[in-house]
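Have a look at the structure below before the remarks.
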Amino acid sequence: MSLIEFPLLDQTSSNSVISTTPNDLSNWSRLSSLWPLLYGTSCCFIEFASLIGSRFDFDRYGLVPRSSPRQADLILTAGTVTMKMAPSLVRLYEQMPEPKYVIAMGACTITGGMFSTDSYSTVRGVDKLIPVDVYLPGCPPKPEAVIDALTKLRKKISREIVEDRIRSQNKNRCFTTSHKLYVRRSTHTGTYEQELLYQSPSTLDISSENFYKSKSIVPSYKLVN
C-alpha cells in the first residue's frame, strides 16, 4: 500500500485485496486531515493568511483551521515568542490531543530573529518550549515554502511509528539557563513619588535638610550653564 497516494487497485479483477498494517492505516488517514491551530504574533503570519485565498487554496490539503487546541493536531507558530507568552504557548500545546505536530515558521520563531541578540524578553527558539517537527526558515517565508513544509510534514507522518513517537515524548528536554521564568512582586504599585519622598534614612547619603539647604544655595542659572 502506498503511504501517501491511494493504493492502486487491480482494475482487471473484481475482487481486489488491500493489505496493510494498523500503523500505516492510521498514518494514511491523518495525511489529509490536519487541523492546524494558528499561533501568529508577527508579520510571518500574514504570509500564511494568503494561503486561504484561491491562488494557493490550502483547503486541498485537508487543512481546517481551528480556534480551540482541543480540536487541533497541528500548531503553527509564526512570529516572535516572548517570555511572557511562553507559559500560554506551552499550555496550548499540552491541551492538544495526541498525535500532535509543530511547525516553526520564520526566523523569529526558530532562533529569535533580530531580537535574539540583546533582548531580555525574547525566547531564542520555540523549540526550547515545545518540540518542533518541521523548521521553516525565512523572514518571512513565502506561501510556496509553507506548502513545502506541509508536504514534508505529511511525508514524516507517513513514515511514523507509534512506538517511536511515544519514546521521543518521554525524553527530558533541556532549557537554557539564561532564560528562566521567575515569579516577582509586581512593580506597578502606583506609589512611585511616595517611595522617593519617604526613603529610609539608611539608604540616603545625606539628610533631607542638608539636601534642600544645599539646593537653595546654588542658583538656577549655574545649574543650567
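One-based numbering along the chain as shown.
Glycine is treated like the rest: Cβ placed from N, Cα and C.
Marked as [4Fe-4S] cluster binding site by Swiss-Prot: Cys43, Cys44, Cys108, Cys139.
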DSSP state at Cys44 ([4Fe-4S] cluster binding site), helix/strand/coil: helix
Fewest other C-beta atoms within 10 angstroms, as judged across Cys44, Cys139, which are the binding-site residues: Cys139
Around the Cβ of Cys108 ([4Fe-4S] cluster binding site), the count of other Cβ atoms that are within 10 Å: 27
Additional residues surrounding [4Fe-4S] cluster, by Cβ distance to the Cys43, Cys44, Cys108, Cys139 centre under 8 Å: Ser42, Ala78, Gly79, Thr80, Gly106, Ala107, Thr109, Gly113, Gly138, Pro140
Secondary-structure category, per DSSP, in which Cys139 ([4Fe-4S] cluster binding site) falls: coil
Distant-in-sequence Cβ neighbours of Cys43 ([4Fe-4S] cluster binding site), under 8 Å, six or more positions away: Gly79, Pro140
